[in-house]
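Trainee: Could you have a look at this structure, given as structure tokens, before my questions?
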Amino acid sequence: MSVQSSGVLLAPSKNLSPEVGRRCANFHPSIWGDHFLSYASEFTNTDDHLKQHVQQLKEEVRKMLMAADDDSAQKLLLIDAIQRLGVAYHFESEIDEVLKHMFDGSVVSAEEDVYTASLRFRLLRQQGYHVSCDLFNNFKDNEGNFKESLSSDVRGMLSLYEATHFRVHGEDILDEALAFTTTHLQSATKHSSNPLAEQVVHALKQPIRKGLPRLEARHYFSVYQADDSHNKALLKLAKLDFNLLQKLHQKELSDISAWWKDLDFAHKLPFARDRVVECYFWILGVYFEPQFFFARRILTKVIAMTSIIDDIYDVYGTLEELELFTEAVERWDISAIDQLPEYMRVCYQALLYVYSEIEEEMAKEGRSYRLYYAKEAMKNQVRAYYEEAKWLQVQQIPTMEEYMPVALVTSAYSMLATTSFVGMGDAVTKESFDWIFSKPKIVRASAIVCRLMDDMVFHKFEQKRGHVASAVECYMKQHGASEQETPNEFPQPVREAWKDINEECLIPTAVPMPILMRVLNLARVIDVIYKNEDGYTHFGAVLKDFVTSMLIDPVPI
């Protein structure tokens with residue numbers, strides 16, 4: 001029995017059972033208030049005029065891209081600029097055609113400079129072509145070391161550094177190249193007179209492979225504009241397109257914010273994180289393209305509900321209550337609400353409403369089968385939350401072998417990846433869902449990136465408030481390691497997980513590339529948000545700036 005999507009939500013909980021001993025996280029409230037409700041207006045006639053201008057500029061850039069030109073180096077520069085400025089989604093087939101031609105007929109010249117060779121390698125790998133990394137032997141000396149003369153070529157070093165982040169297992173030369181370029185680029189940042197110093201600092205913090213394309217585009221506008229050889233039509237296209245898309249995203253977030261405000265979780269469930277804006281930012285990193293508007297809406301609602309459920313299990317619920325909630329989700333029936341404590345009813349009813357909305361839309365499209373996979377993914381999520389709650393109840397610190405299978409599920413990345421497919425239209429088939437339920441390597445790798453990066457930055461806060469043991473505590477107990485040295489053990493598994501992700505994105509792929517991109521982008525979001533802190537839970541200046549640049553401030557034309 002499915003829940004009807006209409007109806008009134010239950011009244012606020014009058015009693016959150018203060019007499020029961022409960023943990024408290026003291027999460028700070030949302031910093032955004034009702035700001036995004038003000039973006040409810042539709043597109044204007046001025047926007048229609050801008051759209052026409054964008055179409056004209058797109059045709060101009062398309063002609064440049066497809067022009068017969070034997071200068072492949074110039075084509076590489078053009079493609080790189082298109083991608084880094086965030087408008088590659090307009091030219092996907094054209095870019096693939098050009099790069100496929102380069103891959104099929106590529107003969108790497110020993111005379112090619114390190115900048116061009118690295119750029120070619122990166123763009124081809126990014127497109128899924130398994131170009132050999134042996135070409136980088138051309139830049140080694142007779143003793144097998146990278147030539148020291150390369151260190152003076154900062155532009156070339158930066159290009160090689162970016163290329164190394166596409167490495168897969170067994171490519172030792174790229175591991176060496178990463179260490180070599182990192183050392184020399186760090187040295188270059190000490191010379192502020194270097195015109196590339198700002199780019200180098202940014203790249204060392206956020207390499208292209210791990211960055212969010214739209215966020216990186218916002219950064220790259222000024223870099224590209226400062227280049228005297230920049231293409232004026234391409235830059236204008238990128239800026240106009242960014243601003244038009246930003247208006248679309250603002251309208252979407254306005255609608256989602258209104259839905260969230262109506263739920264009133266900030267008052268009904270004050271122990272939980274109020275982070276719907278941050279949730280939308282997260283999902284915008286998964287797909288920003290206009291055709292995925294429905295996918296963004298439902299995935300944002302699902303991740304927002306998951307955040308509330310996570311806090312019920314982590315922060316507020318007793319084990320007996322959590323058992324009841326787990327059983328209710330297993331039943332997935334509105335009648336199960338009667339067995340729940342009052343505060344849980346608000347969440348449970350809202351959860352079923354969200355999936356009812358998905359069900360209605362999928363029924364219209366003749367894709368109702370997708371709802372089964374989305375529900376099962378959420379059920380798996382809640383089961384894993386309950387397993388962790390049982391560990392906490394008895395103060396159990398599991399071994400890493402016991403912890404990771406459960407913690408990879410509670411990272412929510414398998415569930416989010418599954419749900420991200422639901423609204424993707426014709427790009428996804430039943431086989432796509434069967435594939436993700438087979439626990440493919442790329443999904444596991446994305447979850448490893450999420451879990452370990454989260455645990456590295458969040459474990460101290462979690463232990464203060466009485467949270468289930470993180471990977472840090474599990475490793476410390478199992479290996480007798482100190483709290484200071486344990487976090488140093490996790491960057492390597494994260495690096496290996498990124499190699500798995502890169503490997504799974506090489507042709508022939510198990511599923512079409514648009515599907516893999518959702519999983520890749522989920523890993524990218526984690527790298528951006530959790531690099532030095534939990535930017536989701538403890539909202540700081542960095543994430544505030546990211547949200548502002550993507551969702552509030554337009555690009556100056």
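Placed from the backbone N, Cα and C atoms, the Cβ positions cover glycine too.
As annotated by Swiss-Prot, Mg(2+) 2 binding site applies to D310, D314, with the evidence given as similarity to another entry. What Swiss-Prot records for D310, D314 is Mg(2+) 1 binding site, and it gives similarity to another entry as the kind of evidence. The motif 'DDXXD motif' annotation in Swiss-Prot covers 310-314. Feature annotation from Swiss-Prot assigns Mg(2+) 3 binding site to E462.
Walk me through the surroundings of each of these features.
Mentor: On its own chain, D310 (Mg(2+) 2 binding site) has Y385, T410, A412 as residues at least 6 apart in sequence with a Cβ closer than 8 Å to its own Cβ. Taken residue by residue with DSSP, D310 (Mg(2+) 2 binding site) is part of a helix.
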Trainee: Including all protein chains shown, what's the count of other C-beta atoms within 10 A of the C-beta of D314 (Mg(2+) 2 binding site)?
Mentor: 22
